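Asks: Here it is, the structure in full.
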Amino acid sequence: MTVLVLAGTIGAGKSSLTEMLAEELNTQAFYESVDDNKVLPLFYENPQKYAFLLQIYFLNKRFDSIKKALSHNNNVLDRSIYEDSLLFHLNADLGRADETEVEVYDDLLQNMLEEIDSLSFKKRPDLLIHVKVSFDKMLERIQKRGRVYEQLDYDPSLYDYYKELNNRYDKWFETFNICPKIQIDGDRYDFVEDPTARTEVLRQIKEKLKEIEGERA
Ligand SMILES: Nc1ncnc2c1ncn2[C@@H]1O[C@H](COP(=O)(O)OP(=O)(O)OP(=O)(O)O)[C@@H](O)[C@H]1O
Ligand SMILES: Nc1nc(=O)c2ncn([C@H]3C[C@H](O)[C@@H](CO)O3)c2[nH]1
């Protein structure tokens, strides 16, 4: 059983790489709930009111995906549960959740992580793949994808939110130590449009997987 999880800021390319990996490795892909997510547009309209609800929504969906993923042999998830806390705490630091909400959330997340550990012999992913992009590239990709509520002309204050989120991701990845990890340079490799870049990115990931297997043997 091989479990891969993608990580990275908004618009980094997680879903795109998830699709490519699932095809290349012949595994099942699990995507974050976005188009069918009733809370996400409400959050962007009024983050103060909906930050906590959105976080609970995502956590619940994430838990669901992980349970489903664990019933398949090989799978790839387009965002890790380990990033949820980063996103929530950024919102809490911006005053969008109060102390009690932070406490309830942290407890619930801890509880769920323990539950996941008890669900399967596979306690941790085999590899976390962080797609790192610069702030400028992040804005470019968000614009390219074009979800209305994520655009800066919908809410100019998103500029600061995105900038801080991107900064926090870099620190988060440096200290992440739950499972083996690899960083993919999403600025350098246009793996969506350029087949050579795609091949190179897949090569880097497969090489890392081999290295991990070798260490285990
Ligand atoms: N390496 C890349 N090269 C060129 N375009 C890319 C690359 N990665 C992503 N894109 C494009 O950027 C946009 C965002 O990509 P994607 O939806 O995969 O990001 P994501 O990390 O899953 O975002 P989110 O977490 O917000 O759902 C899409 O339009 C995609 O085609
Ligand atoms: N606040 C907040 N907390 C999360 O855990 C979280 N996970 C994803 N998202 C937002 C980012 C993209 O707009 C969109 C797709 O990733 O959903 C989140 N937003």
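Every residue gets a Cβ built from N, Cα and C, even glycine.
Pulled from TrEMBL, these are the listed features:
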ACT_SITE  ASP78  active site, proton acceptor
BINDING   GLY8, THR9, ILE10, GLY11, ALA12, GLY13, LYS14, SER15, SER16, ARG141, ILE142, GLN143, LYS144, ARG145  ATP binding site
BINDING   GLU32, TYR44, GLN55, ARG79, ASP84, GLU150  substrate binding site
DOMAIN    5-207  domain 'Deoxynucleoside kinase'
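Map the listed features onto the structure and describe their local environment.
Replies: A sphere of 10 angstroms centred on the C-beta of ASP78 (active site, proton acceptor) encloses 23 other C-beta atoms. In the three-state DSSP assignment, the secondary structure recorded for ASP78 (active site, proton acceptor) is coil.
Residue density at ILE10 (ATP binding site): 20 other Cβ atoms are found within 10 A of its Cβ, drawing on all protein chains shown. Annotation note: ILE10 (ATP binding site) sits in a coil segment as assigned by DSSP.
Its Cβ taken as reference, GLU32 (substrate binding site) is surrounded by 17 other Cβ atoms within 10 Å in the chains shown.
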Asks: To which of the binding-site residues SER16, GLN55 does the lowest count of other Cβ atoms within 10 Å belong?
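Replies: Each of the binding-site residues SER16, GLN55 was scored; lowest Cβ tally within 10 Å is SER16.
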Asks: Between SER16 (ATP binding site) and GLN55 (substrate binding site), how many Å separate their Cα atoms?
Replies: 23
Asks: Where TYR44 (substrate binding site) and ILE10 (ATP binding site) are concerned, what is their Cα separation in Å, rounded?
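Replies: Answer for this pair: 13 Å between alpha carbons.
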Asks: Rounded to a whole angstrom, what is the C-alpha distance between GLU32 (substrate binding site) and LYS14 (ATP binding site)?
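Replies: About 10 Å separates the two Cα atoms.
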